[in-house]
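Enquirer: From Swiss-Prot, for reference:
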type    : residues   : note
BINDING : E295, N297 : Mg(2+) 2 binding site
BINDING : Q813, E825 : Mn(2+) 3 binding site
BINDING : E825, N827 : Mn(2+) 4 binding site
REGION  : 1-398      : region 'Carboxyphosphate synthetic domain'
REGION  : 399-532    : region 'Oligomerization domain'
REGION  : 533-921    : region 'Carbamoyl phosphate synthetic domain'
REGION  : 922-1056   : region 'Allosteric domain'
Amino acid sequence: MPRDPSIKKVLLIGSGPIQIGQAAEFDFSGSQACRALREEGVSVVLVNSNPATIQTDPDMADVTYVEPLQADIIAKIIKKEKPDGILSGMGGQTGLNLTAELAEMGALEGVKILGTPLKAIYEGEDREKFRDLMNRIGEPVPRSVIVSSLDQLEHAASVVGFPAIIRPAYTLGGAGGGIAYNLDELRRIVELGLGKSRIHQVLIEESVAGWKEIEFEVMRDANDTCITICGMENVDPMGVHTGESVVVAPILTLRDDEFHLLRNAALKIIRALDVQGGCNIQFAFKGDDEYRVIEVNPRVSRSSALASKATGYPIARVASKIAIGLRLDEILNTVTGKTPASFEPSIDYVVVKVPRWPFDKFKTADRTLTTAMKSTGEVMAIGRCVEEAFLKALRSLDTDVEHHTVLSELKMILSRPTDERFGALFDALRQGMTLNEIAEITRITPFWLEKIQNIVEMEKALTAHPDDATILKAKEFGFSDLEIAQYSGKDVSEVESKVGLPVYKMVDTCAAEFPAQTPYFYSTYGDKVCEVTHSDRKKVMILGSGPIRIGQGIEFDYCTVHAVTALREDGYEVHVVNNNPETVSTDFDTSDRLFFEPMTLEDVSHILQKDDYYGVMVQFGGQNAVNLAVPLKNEIDRLNLKTRILGTTPDAMDMAEDRDRFSVLLDSLSIPTPPNGSAYSEQEAYATAERIGYPVLVRPSYVLGGRAMEIVHDDTELATYMREAVRVSKSHPVLIDRFLQNAIELDVDAVCDGTDVIIGGIMEHIETAGVHSGDSACVIPPQSLSPEILADVRDYTRKIALGLGVVGLVNIQFAVQGSTVYVLEANPRASRTVPFVAKSVGIPLAKIAARVMMGERLADMPYKEIEVSHVAVKEVLLPFNKLPGVDTVLGPEMKSTGEVMGIDYDFGRAYYKASIAAHNRLPKSGNVFISVTDDLKDQILQVAKTFTENGLSIYATSGTVEFFAERGITANLVRKIAEGSPNVLDMLRAGEISLIINNFADKQSRHDHQQIMRVAVDYGTPYITTLQAAVAAAEAINSVREENLTIEPLQHYIGR
């Protein structure tokens, strides 16, 4: 049947900021949905708060609202836009929760809920309704009890027993859940889970930890045609969230009858839910036909992004078309260009997904993996065998693996699921543990352990007898040339000459049964036939950014996609190399050719040798891609390839990173920089710090996201840093700068063609120097800087860009102290603020940069710096609610996972929007707790006065109450933590505090601060830790009480 003609306009809800449990997969699915709906003549209204996404580009939807994802705000958009339907399943858990809220408040009268019906949302997300539905259709679920209060826990424990699994209703990435082994743990987890749940409901169920975890991605249309897209198997057994597990496709350890038993159950469940579109169903499987249905995601999910990339089947595109009435057999599979979407995909290769965890950033975090997610991103690898896919995935992670050789230590690591366990499996086998021993400790299916044992045996074979046959077999297993050289004792070039280049095979949805129109490729040594074809068009390779991690997020995928789009519009053939299954850049039709490969020198150079490339672009893929620039140039020269690094030269990139060279450049341009130096040893560091004067900012060179960056105040702290935080070498010194206290920091993003410079935007940070720029809120245009200061910033930006020889993007960070503008650093590459600037001012910086890198001149383009009449604020999302044990104090090392944008016509309202979009809802009524250091009390006075004038009550400890009283402000007394209860922690737990403003000066106040922040995070109370943010919050609260928020589309602000 044709699409529903009554659906002319659809509201699509995005997923908001990148956070643990909800990453870039929803930008990929939402962007695909926008294109699919518009192909059918449907007008799309998009609402999403995340400026770093492709879907919030002004050209992606017909109307784009970059607004907080709050039901009351979306209700106003619905009233204004009058959509015929709402599509919630592309916005992850956020989209489903908001749709349910909107329906409950009556905002969806006359608006059709598309794809996932309201009944399916309730039955999929409400744990009690889901259990009842499964019982009705005869599908087994774990024994369980639903609780909505702590009084019910003893009864629940008596029914379920221990260990018990806790699953809150309507939460993201298992948030608020976990595994309890006794009543005290059960009480602690359930108390948090009830607070996280939208309906204050938690399921406590019997543990099936140790069973196999199997997932099916299924699709259904209005005609009741159902297909399975992909079956996936978790290497980790039940007890670890699927987002935290190593996952393999296709399912390899079930017999055919077992596979069809679960497949049939999955189809039965999607029919019972009446979902029209995609659905993810998770099973626990014990064997002997015994299984349990664990949960259903009646929407596009992280697993569906993986299934889509693993098979080539465009799940979000097909689900969007089904949502407006099309049948599966009426939708064309755009990968083959011939088959209908009703054909089930088949694959003739092995896909492995491995999560990327942030524990390299958070040393104190609890690394235990449970039913609540902690990873920030993931990589995907494809091979002809499990061993090859495993090793390519591990190579893609780009993490340092700590090896263990002590058996007692290994057994302890294996006994508890952590991020270290998968790597420890290899070490355990190297140390002689048997498969049975390891299987007994870990409950991992022996099949997977056998594959790892094959890899370990190959390591031994390479060492013992590295003949040609052994080396070739190692390549089939996925070993890199460098690894083979290390094990065999041979030179890398000798290995290269023996094994040659890999072949490249297609991912085409149909196991090569039909020719593919838009294929993507993976390398293998397990086949002889190469499926890459050649064209005569001018080809450019663009390196993507790999897995999402703190410091390198979706912003770089945005830049990659914009560069691809610009070059394809100009007629170039564009090839992308990336390994992240969540992203738009790895969508089947983003580039002319996609290589799903590790982002290493060897893997990239292999691709370059397979075709004639005009050039390679590294500056859009973040620090990892930029770090490849110099070695890749050397490799191109060594192999005598007819290609080049496009844009800014590797030497210019090195000049910006090399502190000594960069300082010489700034001196020659008469541009001020804080006193600084480089240290190649501990003694040099002491001497440099003494010359500069404490406090100093110390950091390693060539890193992203401020990794291992600290402010140190004396020799003792510096000694600790040099011995514990960094490894200094002759090629990687420690950089030491005078720390500019109370300075205002600025970021500038610009494009340079070697002759001219266009400034995209000047961003003023809300927080002062000392907080990493990636963790600071920032605003366009600057709010507190004089025209003279801004003129200096513009002048220095042009001089530095031209002095470095930038061709493409450049980001420069400044600090303003008094009337002096200091340059902190310059990064001649894409930055994490490029998407925010582009959305704020309407200039497509990444597209302009890509064209400049191909030789176009800025003078021939219709762009210039724009003065905007509105205000845009970028705020960050911090992961503390997902990572117990993490220090919540902000500093020079980046901790945020994502960002949001608030846009309005004054700073207060824009900041208010950004705050609530970042889940830090500023109160219009209630109690504010203020506890700041003595040096800030005079400055916090006006903040407190503004709060009281707006009807908020102030709570503080004795010293602050007295200080306020002497100055005419009434504050209520609350005990210090050390003075016992009732104190601020008790008030937070009781829900009596609406906002926390707290900083610290010494070890005791820092300890108190950490306790307050941890309870505030656990109970969802907004908190502020800097004076500047408190001032901004007061202005925001005052502004929204005086005037309503402006709800207008992005196109309205930027004149589209």
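A Cβ is built for glycine as well, from the same backbone N, Cα and C atoms used for every other residue.
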Enquirer: Which of the binding-site residues E295, N297, N827 has its Cα nearest to the Cα of Q813 (Mn(2+) 3 binding site)?
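Expert: Closest recorded candidate to Q813 (Mn(2+) 3 binding site) by Cα: N827.
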Enquirer: What are the DSSP helix, strand and coil residue counts for the region 'Oligomerization domain' (399-532)?
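Expert: Taking each residue of the region 'Oligomerization domain' (399-532) in turn, the totals are 71 helix, 12 strand, 51 coil.
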Enquirer: Rounded to a whole angstrom, what is the C-alpha distance between N297 (Mg(2+) 2 binding site) and E825 (Mn(2+) 3 binding site)?
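Expert: Distance between the two Cα atoms comes out at 45 Å.
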Enquirer: Measuring Cα to Cα, how many Å separate E295 (Mg(2+) 2 binding site) from E825 (Mn(2+) 3 binding site)?
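Expert: So the Cα of E825 (Mn(2+) 3 binding site) lies 48 Å away from that of E295 (Mg(2+) 2 binding site).
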Enquirer: Per 10 Å Cβ neighbour count, which of the binding-site residues N297, Q813, N827 ranks highest?
Expert: N297
Enquirer: Could you pull the average pLDDT for the region 'Allosteric domain' (922-1056)?
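Expert: Residues in the region 'Allosteric domain' (922-1056) carry a mean pLDDT of 89 in this prediction.
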Enquirer: E295 (Mg(2+) 2 binding site) has how many other Cβ neighbours within 10 Å of its own Cβ?
Expert: 17
Enquirer: What kind of secondary structure is E295 (Mg(2+) 2 binding site) part of, going by DSSP in three states?
Expert: strand
